[in-house]
Amino acid sequence: MARTTPLERYRNIGICAHVDAGKTTTTERILFYTGLSHKIGETHDGAATMDWMEQEQERGITITSAATTCFWKGMDAQFDAHRINIIDTPGHVDFTIEVERSLRVLDGAVVVLCASSGVQPQTETVWRQANKYEVPRMIFVNKMDRTGADFFAVVDQVKSRLGATPVPIQLPIGAEDGFKGVIDLIKMKAINWNEADQGMTFTYEAIPAELQELADEWRSHLVESAAEATEELMDKYLEGEELSEAEIKEALRQRTLANDIVPMTCGSAFKNKGVQAVLDCVVEYMPAPTQVKQIQGILEDGTEEERPADDKAPFAALAFKIATDPFVGTLTFFRVYSGTVKQGDAVYNPVKSKRERLGRIVQMHSNSREEIKEVFAGDIAAAIGLKDVTTGETLCDPKSIITLERMEFPEPVISVAVEPRTIADQDKMGIALGKLAAEDPSFRVQTDEESGQIIISGMGELHLDILVERMKREFSVECNVGKPQVAYREAIRSTVKVEGKFIRQSGGRGQYGHVWLKLEPMDITDDEAPIYEFVNETVGGSIPKEYVPAVDKGIQEQMSQGVLAGYPLLGVKATLYDGSFHDVDSNEMAFKIAGSLAMKQGALQASPVLLEPVMKVEVLTPEANMGDVVGDLNRRRGMIEGMEDALGGLKQINAQVPLSEMFGYATDLRSATQGRASYSMEFLKYAEASKHVAETIISARAVI
């Protein structure tokens, strides 16, 4: 089977935004206009194609990233068919991991903003993630028909809150109830969509006279932005020559791919206006797989190598999502970066050093499947039946082994205890939790050694609620859920040198391990910094090389148990600088125990402290309620960072608040403001807990 679409006509894009900006509705319209969906699904009817889990349809939010493929030839059929692989990502902050995972494998992103709410907290989070992976992006300002819609205010917010350079390539004609269509600033024509056929057809018309001056002004901004792409264009522009439509588009494309500018369009997905123009922009301004930075990986000998987006190169792909399908079992979504692979081929997973055979390969359309025989560079597909692959692992050609960069996943910040209601639920619960943990790397399962309880941990209350609900729905497991627990951590504040000795010599073969460690605190506020570092500085064979990894292991085991209240220690640099051994009695176990003892004693001497997770909280409230909201945040040990005006006449309060004080906040905020305020929060950092809080927690859980 040969490739049907050339690689330069591929677009791998994500559609991301804040919850409720109209992201899934936009994707539904894309599927409708590209001919994949014969009836438009509305999220408020619970019928959206991309929201295929029952909980998504009930709650009207998107939880998992559904992937789909469609083809587009342009509004005026001006292109050859382009293959667009779309990933619809969740906008709720508890599911940020899904967004991060998608951006890692995408080449471009369409960020959907609400015309009346503008840039919201989750938008900023998504923007930072897209910056991290250098993903070129465009913006679709949706809901232009909503009360309070203001396109130009949103353009200003994109500059001020996202630090981006927006370049509107369309202007709205009217707003709120009077929103009629858009002005195309490149063609300098008005576009009106036909409401009778759900916007399938449209007409180009003259720009309304009252908007001509505004259109001319924004057109000049657009042309100036395009001219900055190259010196030749700038010279042409400065000499007063007109730039052609093709020159403007090519220049905007170059600057978008370099992440210099962000093209902006507008419309109303719900009212079927403006979505086809978004597809045109995806084709014109988003990169093909050949136009992004080539993927880097590490070969078996430790050297780095780039893999080109080319069918002739050796096969290399990244598994970015595992999902359990009720009909076929485990689906492994993967993005092919280079090479091709057929059904039945062997693939190698270098992370687990395992070889597996690719059974069936399917192209996903939301949750329906089409079997395909072969996938090519640039494709996003799903494999059925891979047993040993988890999120973020590489699949490659067994004859050309490479490990692509792994994805980093955040530590969970909230835990609850779950227990099965009946004996029958007990066995099923183990299987269910195992499958859910394989799907979602930000979800952890562990058993509390003291109480024997099963503890599940995740990124927020909604995250855990939905996982418990999925156990009930998909695996028929009924369980009782305990109160939420905060994931505290421990740290040291001073540098110490400490000796660890483990000696047992009472007849026969004994045990002998002796180490000297230097323990130093590390900065844990930096996201990029490691939370543990081990350095071996022993010289002259004071400890044989083969025992050094055992010391490291002993230190890490003790760190996972903590020294104050049983919470893991973070931010320790441990340097092994001396020690001694016994020719007969020394072994790995003895040195592991010696390392563990030294770590425990040293941490207790190094001014240990308790850390608590602190959340970044943003509250949108009417001005009349500001005093109540600020007072309540102060009572919750919150630190108010600032207040600013938000769209829609609201005020935005920015604060840092310990997670332990935020349980039940949604209910309290609703009652304090008669339901008119809303908030969002995301994990910000670990910070030292106050003396009073630390004493309360340590006395309840003392481990010494």
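Backbone N, Cα and C atoms are what each Cβ position is placed from, and that goes for glycine too.
Listed in Swiss-Prot:
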- 8-290: domain 'tr-type G' (DOMAIN)
- 17-24, 88-92, 142-145: GTP binding site (BINDING)
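Shown on the structure are the features that Swiss-Prot records.
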| residue | record | CB count, 10 Å |
| --- | --- | --- |
| A17 | GTP binding site | 28 |
| D20 | GTP binding site | 18 |
| T89 | GTP binding site | 27 |
| M144 | GTP binding site | 29 |
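A17 (GTP binding site) falls within a strand when secondary structure is assigned with DSSP. Following the DSSP three-state reduction, the secondary structure of M144 (GTP binding site) is coil. The domain 'tr-type G' (8-290) scores a mean pLDDT of 83 in the predicted structure.
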